[in-house]
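First the structure, in the form of C-alpha cells, and then the observations on it.
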Amino acid sequence: MVFEDKMITNGEPEEEEEEEEEEDMVDPLETVRQKCEETDHCVHARERLEACETRVGSRSETTEDCTEELFDFLHARDHCVAHKVFQSIK
C-alpha cells in the first residue's frame, strides 16, 4: 500500500514557499581594507613586498625572507584601517 502526503487546503489554493535570496553580507572591515590598500603609502609598501617576493623567488638558495616587508605593508594598511573602520559601522 502506498501512502501519499496530501495537504488539506480547505478550499484555498496552495501557496508555494518562496525562498528569499539572502543578500550577501559584506564585512565592512574588508571593504575598508581594500580602500586603504589603494592609498599611496600602502601601494608603496606593497610594491616593496612584491619586489622582495620576486627577488627571493628568483634565487634557488637564500636565507632571505620577506617578513619585514610583509609587516611593513600590514602595518601601513592597518594604520589606515584603524582611522576609518569605526566610521562605517552603525
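Glycine is no exception: its Cβ is also placed from the backbone N, Cα and C atoms.
The compositional bias 'Acidic residues' annotation in TrEMBL covers 12-27.
Cβ-based neighbour count (10 Å, all protein chains) for C36 (disulfide bond) stands at 20. Taken from TrEMBL, the feature disulfide bond covers C36-C80 (among others).
According to TrEMBL, the disulfide bond annotation covers C52-C66 (among others). Taking the Cβ of C52 (disulfide bond) as reference, residues of its chain lying under 8 Å away and at least six apart in sequence are, in sequence order, E64, C66, E69.
Annotated domain 'Ubiquinol-cytochrome C reductase hinge' per TrEMBL: 27-90, in sequence order. Mean per-residue pLDDT, taken over the domain 'Ubiquinol-cytochrome C reductase hinge' (27-90), amounts to 91.
Under the heading region 'Disordered', TrEMBL lists 1-27.
A sphere of 10 angstroms centred on the C-beta of C80 (disulfide bond) encloses 19 other C-beta atoms.
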